[in-house]
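Remarks on the structure that follows.
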Amino acid sequence: MKPTMALKPLVFALAALMAVAAQAGPAEKWKPTPAPTGTVAAAVTDTQVSKDNKFDDTKTLNNAGANGSLSNSKGNLGANIAAGSGNQQDNAAAITSSAGDAATVFAVADIYQESKDNKFTNKGTQNNALLNNSANNSSGNVGVNVAAGQGNQQKNNLAIVTADGKNVAAASNTEQVSLDNHFLNEASSKHSYKPQYVVNNAGLLNSANNASGNIGVNVAAGAGNQQSNTLTLGSGCTVCAAGTGSKLAF
């Protein structure tokens, strides 16, 4: 077969395809990919209120500890360890992802913790908070709070958004309020020859070693402490198919 004869079937097929396209109606013609118009969102809203309470820890021993925990872990880890009275603990995460099918993508974590008009009495109380050999060799976002005592507030927040869209936002808002609380810390000598004093011990030992990513660790002993670990990440393109884009992170 001559080369000219071998090309004839291909030429005929291309000509036929072009003829069909020429006869197609307006609705059947090729159209560009439409710009993203939707919205993808992940939101966490959380409220914790401790109000008008009375806590009496007389000669009480409060021990809060994390020993050999959260090591060799990956991803998002939130741990709260508390011992005592009137403590508030919370972990919140808002994660969203979109592959170019939305114009606006955002993740929001909005947290409110309130401790108000409470009465805390510590007489001869011992509070020990210890983080020992924990969160080692971990990667990702790790938030650890350890508290011993009364009226402590603990919080771990995470807001992450990844998208191909033109508008990307990640926001995390944490509000911790301690208002009009009464704390009484004094030695206790009742039924004892020697007074027993209030003791607060907070320790961090051999923890968070060889870890990568965002690591937040809080250790507190006593009364009325407020602890928070927050991470916000926003990742998107600056020039997308939908037009000029933007990245926002709060």
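Glycine is treated like the rest: Cβ placed from N, Cα and C.
Listed in Swiss-Prot for this protein:
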SIGNAL    1-24  signal peptide
REPEAT    62-95  repeat 'FapC_R1'
REGION    96-126  region 'Linker 1'
REPEAT    127-160  repeat 'FapC_R2'
REGION    161-199  region 'Linker 2'
REPEAT    200-233  repeat 'FapC_R3'
MOTIF     237-240  motif 'Cys-X-X-Cys'
Item checked: DSSP helix/strand/coil residue counts for the repeat 'FapC_R2' (127-160) -> 0 helix, 26 strand, 8 coil
Note to self: Please count the residues of the region 'Linker 1' (96-126) that DSSP assigns to helix (H, G, I), strand (E, B) and coil.
What the structure shows: 0 helix, 22 strand, 9 coil
Check: Counting each residue once, how many in the repeat 'FapC_R1' (62-95) are helix, strand and coil under DSSP?
Finding: 0 helix, 24 strand, 10 coil
Note to self: Need one number: mean pLDDT over the repeat 'FapC_R1' (62-95).
What the structure shows: 87
